[in-house]
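Notes for the one structure printed next.
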């Protein structure tokens, strides 16, 4: 399968999506941040000096989705219909799992926006709590689901 982001001279190009059909596109991505108990408890108990960590991560994740095309060179700017973020508390492992669901009506998908949303949300948590735990790890950033477009639906294997 030839790479769509290279022209005949093997140089980078942005794919022309002008002839593609506008359809509803949805993408769901997820990722996790793990930390020590002190950092986890500080977040849960709202004791982080920088402010409300999880709420700030949600806002940052929304901004990440909106700014995706500015940071990923071949990503088309897309008008987003919505970005919805959920953060699950995982007390047993002192971690948080962040889910981002992005929706649009467009000629190209929103997978990159969902992945960027998760990444920026998790990085924001790291930034806000790094004074407590510099050894935090971000892992498992992945596309869980996508629908719409010519390639159809995708669901990650569980």
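Backbone N, Cα and C atoms are what each Cβ position is placed from, and that goes for glycine too.
Record features, source Swiss-Prot:
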BINDING   74, 75, 76, 112, 113  substrate binding site
ACT_SITE  127  active site
Binding-site residues (74, 75, 112), the one with most neighbouring Cβ atoms at 10 Å: 112
Cβ neighbours within the same chain of residue 76 (substrate binding site) - under 8 Å, at least six residues apart: 14, 15, 17, 69, 107, 108
Sparsest-packed among the recorded positions, when each Cβ's other Cβ atoms within 10 Å are tallied, from 113, 127: 127
Check: same-chain CB within 8 A of substrate site center, minus 74, 75, 76, 112, 113: 68, 69, 72, 78, 108
Where the record names 74, 75, 76, 112, 113 as binding substrate, the maximum Cα to Cα distance in Å: 13
Distance, residue 127 (active site) to residue 74 (substrate binding site) (CA atoms, angstrom): 27
